[in-house]
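Participant: Sharing the feature lines straight out of TrEMBL:
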BINDING   Glu158, Asp189, Gln215, Glu263  divalent metal cation binding site
BINDING   His551, His624, Glu701  Mg(2+) binding site
COMPBIAS  9-22  compositional bias 'Low complexity'
COMPBIAS  296-305  compositional bias 'Basic and acidic residues'
COMPBIAS  320-329  compositional bias 'Basic and acidic residues'
COMPBIAS  503-515  compositional bias 'Gly residues'
DOMAIN    548-692  domain 'VOC'
REGION    1-25  region 'Disordered'
REGION    296-348  region 'Disordered'
REGION    483-545  region 'Disordered'
Amino acid sequence: MNPTPGPSPSVSASPGPSPARRSPVRKGVATVCLSGLLEDKLRAAASAGFHGVEIFENDLVVSAMPPEDVRSLCADLGLTVDLYQPFRDFEALPEELHAAALRRAERKFDLMERLGADTLLVCSTLSPYAVDDDALAAQQLRALAERACERGIRIAYEALAWGRFVNRWEHSWQIVRRADHPALGLCLDSFHVLSRDPAPTGIDTVDEGKLFFLQLADAPRLDMDVLQWSRHHRLFPGQGSFDLPGFLAQVLAAGYEGPLSLEVFNDVFRQTDPGPAALDAMRSLVALEEAVREYGRREQAEGQQREQGQPEQEGLGGQRPEERHEKGARQPNEPVRGGGWRLHPAAPPPAPALLGHAFVELAVDGVSAPEVTAALTALGFQRTGIHRSKPVELWQQGGSDVVLNREAGRVGREAGEVSGAEEHGETETGRAEVVALAVESLDPEQSARRAEALLATPLPRRRGPGEAELTAVAAPDGTQLFFCPGGGASGPDWRADFEPTGAGPGGEAGPGRGTESGSESRSRPGSESRSGPGSGPGDLGRTGDLGRIDHVALAQPNDQFTGSLTFYQSVLDLRERDFAEYAAPFGLVRSRTVGNESGELRIAMHGALLRRGRWAPSVPDPEHIAFATGDVFAAARRARERGLEILPVTGNYYDDLDARYAPAPRLLSDMRELNILYDRDEHGEFFHFCTGILGSRVFFEVVQRVGGYRGDGAVNAPVRMAAHRQARARGRAPANRPRRGAG
Ligand SMILES: O=C(O)c1ccc(O)c(O)c1
Ligand SMILES: [Mg+2]
């Protein structure tokens, strides 16, 4: 674990990694990532399965625990102390200040001994007294390493992106090489490297054994001061836009065998319950490992292609493969150095293909159920089944299935209990919320195994007389995620749990189930016979029948937002499909949609900055289920005839639409009449209408995609939210009360 004592400066005498460091990849987390007192952070890290921690100085300074107690707590928890940090403003000081800096370092070495930490992070200087002199920096770091070495300590030098003279990793490497001491190596922090250069090269050429420590953080691309960016906006891997797989592949190619350690400064995470936050952190690392393996496979395939003289493809991170290797000593298909890189013991199996939403389950109560069923009925749904043993109903129309459950809650809540029920006003409105999402998988068992390898909590299978054994896990927000067999996969038929009522599955297209694709329709409403039906084979029904569930939108509290995103993205292997931020009447709402390649499965997440307040509603943007249709105008007309009061849209909205897009006058007047909202992108168009809020926090939406439109109409969220608020203020949520008898 410790560097070889002795003054030999030769690199070949490098202390090298200890046996522990050679074992399968270890995972660590900096205490700064997590909220709470030091003991809270350590416990959370250990229970999420981390092997080690970086102790951040502030966390120790404010802790009542003497370093010896921290050391023994870590040992009890099975954690190693992988790093103590940061040690600032050390190098390139005038002689008289250098002596004091060395003395300061010795005190920290004393502390590290008590703590059981063997590596100290020294970050590049910001001192106003420092001078721009690499030779001096190298000389002083060498002196530091010499003292450290005598104490069995290693120095990992990190270039802060805002360092006064040293702010690029290449520069820190030059200085480390120049200092040439076995107890001095590099700390690479993905934030500092990638914030300066999104596609760095040459990391894989760093001498073996000289990468002492690796810190991983992602971040969104932001055009701002880099220090502010780093201190407030870092994210766990996969949550931002850095090419971390490409970066990590290079680090591993340099023979790095130390821990993969997360160092994420983030204002929200600092306030979040550290237990779930540590789990999110671990999940992001497991997903990153998978991504880097995938990256390696691609790279190898590209290498083979090149060997066979085939044209090269664009590599990840926008680089051509040869650029990634221009300074590399390694040939593309030579095995990656660093044989210590092995699969995570529970590497997740690949995600089976997902074929769309199987059903969405809503929890309802005596107050909300009549509203919800009236809206479903107006949309053409029929109650086709009643559960054999529970107060649960199946409602179907076209390819969409909705399950209404009078006893379910999100995981961790008692039936009938809703956190903040009063705050949501649920005592008056009744409760209605999405409690389960079910997706169709080609291999439900493997989907569940993957979810569990990604640290999802498995849920007890639903079992009872005549009940299908569905595999299910809990998402971080408590939503239950079910995997149902689809695409001919064998498995339990969950619909068999329901006693048929004798009613058909709704719609005029007959009882066929789930055959239509909800993903797109190419007819433009109103293009021929204004708001006329779509045309052509493969379209969704021409009558305004509904196809499959297009997407489900889940509200996420701000402190759960990125964690949920990582969960759904990694467990279901989804990609980001849309990202939006909009200024709604009661504050900023951000939304991100993830979906599979085919577009058949989409999950939108949205959330506001603050959780609650007397002024702004606590759930400012309710959850919704969106059903696809091939003719939104026909669907709206039929729903209206059946008694649905479609959420009214303001006249100002249509005036604005007219100004922006100049739609055909009849199309515009139909949209106005039917309260249909509109969006377009470079791929296609989107038409949609909404019901009022049903119960406390759910509404339905009917959507028509024309062409390959990618989004989900987020741009219209402010107008919809204002309309929902107005409807509530009038004391009568529209949509819910049949005017002329349902069905
Ligand atoms: O923001 C900082 O000062 C800071 C400190 C230590 C680190 O390892 C780092 O990446 C940033
Ligand atoms: Mg760092």
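For all residues, glycine too, the Cβ spot is worked out from N, Cα and C.
For each feature listed, report its degree of burial, its nearest neighbours and the pertinent distances within the displayed model.
Facilitator: Its Cβ placed at the centre, Asp189 (divalent metal cation binding site) has 26 other Cβ atoms within 10 Å.
According to its DSSP assignment, His551 (Mg(2+) binding site) is in a strand.
Assigned with DSSP, the residues of the compositional bias 'Basic and acidic residues' (296-305) fall into helix, strand and coil as follows: 10 helix, 0 strand, 0 coil.
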Participant: Where does the mean pLDDT land for the domain 'VOC' (548-692)?
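Facilitator: Computed over the domain 'VOC' (548-692), the mean pLDDT is 92 on the 0 to 100 scale.
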Participant: Using Cβ atoms only, which residues of the same chain lie under 8 Å from Glu263 (divalent metal cation binding site) while being at least 6 residues apart in sequence?
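Facilitator: The answer is Ala30, Val32, Cys33, Glu54, Asp189, Phe191, Gln215, Leu216, Ala217, Arg234.
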Participant: Between the Cα atoms of His551 (Mg(2+) binding site) and Glu158 (divalent metal cation binding site), what distance do you get, rounded to the nearest Å?
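Facilitator: Approximately 44 Å lies between the Cα of His551 (Mg(2+) binding site) and that of Glu158 (divalent metal cation binding site).
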Participant: Which residues, in sequence order, are found in the same chain with Cβ within 8 Å of the centroid defined by the Cβ atoms of Glu158, Asp189, Gln215, Glu263 at the divalent metal cation site, excluding those residues themselves?
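Facilitator: Same chain, not in Glu158, Asp189, Gln215, Glu263, Cβ within 8 Å: Leu121, Cys187, Leu188, Ser190, Phe191, His192, Phe213, Leu214, Leu216, Ala217, Ser261.
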Participant: State the three-class DSSP label for Glu263 (divalent metal cation binding site), counting H, G and I as helix, E and B as strand, and everything else as coil.
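Facilitator: Reduced to three states, the DSSP call for Glu263 (divalent metal cation binding site) is coil.
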Participant: Less than 6 Å between Cβ and the nearest atom of ligand 2 is the rule; apply it to the binding-site residues Asp189, Gln215, Glu263, His551, His624.
Facilitator: Asp189, Gln215, Glu263
Participant: Can you go through the binding-site residues His551, His624, Glu701 and pick out those with a C-beta less than 6 angstroms from ligand 1?
Facilitator: none
Participant: Beyond His551, His624, Glu701, what residues of that chain have CB atoms within 8 A of the centre of the Mg(2+) site's CB atoms?
Facilitator: Asp550, Val552, Ala553, Ala604, Ile625, Ala626, Phe627, His688, Cys690, Phe699, Phe700, Val703, Asp712
